[in-house]
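Engineer: Pasting a structure here, questions to come.
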Amino acid sequence: MEPGWLLWGAAVLLLLLPVLAQLSPAVNFVLRVGFYYVLCIVCSALTAPVCLLVNGGRTVKNMRIIRNVVRTFKYFFGLRFEVKGLENFEREGPAIIVSNHQSVLDMMGMMEILPDNCVQVGKKELMYAGSVGLIIYLGGVIFINRKSTTSAKMVMAEVAKTMAAENVKVWVYPEGTRNCTGDLLPFKKGAFHLAVQAQVPVIPVVYSSFTTFYNPKKNLFTSGKVKVEVLPPIETKGLTSDDVSDLTDRCFRTMRETLFRLSGRP
């Protein structure tokens, strides 16, 4: 096929895409999700050299740069964040931040409120996600092999030492996987074992349900508002491993009640 026809075909396709998006929710969903991934890849590739030039390599300080870049994403997708309780991040010293995990869009919500000196715990597979893997590596993300319980426990033990030595907060998704149902999955106990081991507080963060504007099962992806609430810290001083189950249940109940309230559910 001649190059001229290819150019004409591409031009016609570009003109038709907005029309198709209006006619078909599935096309609209695919286009918006595809654009989100492209935005992540391109911005990661452009931001990585900046992190290397400014901070010289892998460090939590790079999260400030990454945070400022990702905060612009919401304007592309028409998302608004209504945040309460940021003062609960202001306490000195390390802490475990636990949050509900709904979709690939959680990154935007996290970066909207991410405090300084805070790193995330993520699955090891993210390291191999091209420029995205590179940028989160440079940001100091702690990678865990979820398929190996022994490996994960060893990493978490090292995290406890790092928290104390470097005075950082650690962000964990205790559900362990994305859950776009409008409810919470049962919490895994790793984050709470870590909090008790390090004797640091747990700070719950709750995002309202995305289901009103983002739902893969319904091919729904529109603009919308996300309510975010940072809850008061839950102290762990004096607790032992015997108290981890109660701590986990307490945090789960509090976050679930808050999720329903923010999402307008009874």
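Using N, Cα and C of the backbone, Cβ positions are placed for all residues, glycine too.
Unlike curated records, TrEMBL annotations are generated automatically.
So TrEMBL has the following annotated:
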{"type": "DOMAIN", "residues": "95-210", "note": "domain 'Phospholipid/glycerol acyltransferase'"}
{"type": "SIGNAL", "residues": "1-21", "note": "signal peptide"}
{"type": "TRANSMEM", "residues": "31-54", "note": "transmembrane segment"}
{"type": "TRANSMEM", "residues": "126-144", "note": "transmembrane segment"}
Engineer: What else in the chain is close to the transmembrane segment (126-144), if you only count residues 6 or more beyond its ends and a Cβ gap under 8 Å?
Structural biologist: 40-41, 44-45, 47-48, 51-52, 57-60, 62-63, 66, 119-120, 151-152, 155-156, 159, 170
Engineer: What are the helix, strand and coil residue counts for the domain 'Phospholipid/glycerol acyltransferase' (95-210) according to DSSP?
Structural biologist: 49 helix, 24 strand, 43 coil
